[in-house]
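Submitted below is the structure of interest, expressed as structure tokens.
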Amino acid sequence: MGSHILAIDQGTTSSRALVFDAAMNVVGQGQKEFAQHFPQSGWVEHDPEDIWESVDYAIRTALKRAGLSADDVAAIGITNQRETTLVWDRKSGKPIYRAIVWQDRRTASICNQLKSAGKEALVTEKTGLLLDPYFSATKVKWLLDNVEGARAKAQAGDLAFGTVDTYLIWRLTDGAVHATDATNAGRTLLFDIEKGEWDDQLLALFDIPASMLPDVRDCDGDFGQTDASILGRAIPIRGVAGDQHAAVIGQACFAPGMIKSTYGTGCFAVLNTGDTLVRSQNRLLTTIAYRMGGKTIYALEGSIFVAGAAVQWLRDGLKIIGKASDSGRLAMAADPKQNIYLVPAFVGLGAPYWDAEARGAMFGLTRNTGPEEFARAALEAVCYQTADLLDAMQKDWTGHGAATVLRVDGGMVQSDYTMQFLADILDAPVDRPHMLETTVLGAAWLAGQAIGLWPGQDEFARSWAREHQFVPEMDSAVREEKLAGWRDAVSRTLSGR
Ligand code: G3P
């Protein structure tokens, strides 16, 4: 058996694989971007074969760059974009349609109908989530209702449903294992997070046959072994968690009150609430932080759909930057006297507004507004949205204790400009760790400790190291003025107006 851990991070825009040695150092990595399909306004799809091929490429590249082979890998951990929905034929293994991505809004009308029928309270009570197209259940329903012959096949038990983790496990084990972990299950709208099981009432509500569902396991459970035909030998899959949950783990946010905020395609702030299932009064999600050894740890989550995607828009849509890392430099050159706000509701607004029909808007444009101000508005929008989330979190968490730390990760946090503005607008310190690959580290740790190769929770938490703390410097009157401008911009963007 080898002494390395292979961790796969299947994200929204690219697939990555990292190889870690026994001392938890990264020794090789591979990455591949893949196509995004936007067949209609608000629709977002991925080709399942692109997902698989990019993962396969990333694994092979990571091993090659590390100078290792599959023989050197002791276990695999998987983390993934959550909620994205796949349905495939159990016999042929062929997906019946493209993957419907978490950002996809096509099921807004299904959600609205269920809301009008008064069903949201039941859904929230059981799942901690809201009736929003973001989650998987309405996407499965759409597939069964719109792909010819799908419902009959599902009723005959011939179709399997999975989020991306489940699909990858299925592919890696060549169809031997149809399983997910509790964190991914908890994002489907079909899983009772208090009981820790699929819920018949919700399955009936969304008209989804139970036979489609994967088996739900602990994050550090046994997910079978890779089929020898894939990497040349069977390797155990011993860690699985949705990417935001893996980041909680990778940031060692194991104690109640600790918050991590990850800036990937979207931004997701997660507050560990320990074994207390806190029901949000402020439109946040209650979710499973992780489940290990049969014990569930809960969290409050704020989900923003567009963070790094706004920088991608500057690069690929507006073409005002050549690469993402240019955005901070451009923003710093912006005219400080212009108050430009971007509300990046490209696919609606997530927490705490949950407005699927809203679309993006800019405010305050003048003849002097140029690329610099656009860049600054895009970066600042991410920080304002984080402020909305943390404000809601603090309200929900009052009475339970104080939020203790905010640890950040993801591509955007490399920008000092953005992180300083974040600390300023939050009026709170922001901790950036040395290890920025926290999501993939979380998945690797689940697998590494599951097989006894890596340290347990306490020792792992002690290995977390801060690279920089951003401390608020902004005058409070300026902060209040900026936040008021943001709130006004959002209120003018909401679809009800
Ligand atoms: O809920 C969606 C989330 O898991 C996607 O994460 O990193 O691909 O933006 P990311």
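Quick reminder: no glycine exception, Cβ is built from N, Cα and C everywhere.
TrEMBL annotations: computationally assigned, not manually curated.
Here TrEMBL flags 5-250 as domain 'Carbohydrate kinase FGGY N-terminal'. Sequence annotations record features per position, and here TrEMBL assigns sn-glycerol 3-phosphate binding site to Thr12, Arg82, Glu83, Tyr134, Asp243. Sequence annotations record features per position, and here TrEMBL assigns ADP binding site to Thr12, Arg16, Thr265, Gly308, Gly411. TrEMBL lists Thr12, Thr13, Ser14, Thr265, Gly308, Gln312, Gly411 with the feature ATP binding site. Under the heading glycerol binding site, TrEMBL lists Arg82, Glu83, Tyr134, Asp243, Gln244. Marked as domain 'Carbohydrate kinase FGGY C-terminal' by TrEMBL: 261-450.
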To test your reading of the sn-glycerol 3-phosphate site: which residues beyond Thr12, Arg82, Glu83, Tyr134, Asp243, same chain only, put their Cβ within 8 Å of the Cβ centroid of those residues?
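Once Thr12, Arg82, Glu83, Tyr134, Asp243 are set aside, the remaining close residues are Asn80, Gln81, Thr84, Val101, Trp102, Arg187, Gly242, Gln244, Gly266.
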Got a sec? Which of these binding-site residues, Ser14, Gln244, Thr265, Gln312, has the most Cβ atoms within 10 Å?
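When each Cβ's neighbours within 10 Å are tallied, Gln244 tops the list.
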Taking every residue in the domain 'Carbohydrate kinase FGGY N-terminal' (5-250), what is their average pLDDT?
96
Near Arg16 (ADP binding site), which residues of its own chain have a C-beta under 8 A away, given they sit six or more steps off in sequence?
Ile8, Asp9, Gln10, Gln29, Gly30, Gln31, Ala58, Val440
Give the distance between the Cα atoms of Thr265 (ADP binding site) and Ser14 (ATP binding site), rounded to the nearest whole Å.
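Cα to Cα, Thr265 (ADP binding site) and Ser14 (ATP binding site) are separated by 10 Å.
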Roughly how many Å separate the Cα of Glu83 (sn-glycerol 3-phosphate binding site) from that of Gln244 (glycerol binding site), to the nearest whole number?
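Between the Cα atoms of Glu83 (sn-glycerol 3-phosphate binding site) and Gln244 (glycerol binding site), the distance comes to 12 Å.
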Taking the residues the record says bind ADP (Thr12, Arg16, Thr265, Gly308, Gly411), how far apart in Å are the two Cα atoms that sit farthest from each other?
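So the binding residues stretch over 17 Å, Cα to Cα.
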Could you state the CA-to-CA distance between Gly411 (ADP binding site) and Gln312 (ATP binding site) to the nearest Å?
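Between the alpha carbons of Gly411 (ADP binding site) and Gln312 (ATP binding site) there are 12 Å.
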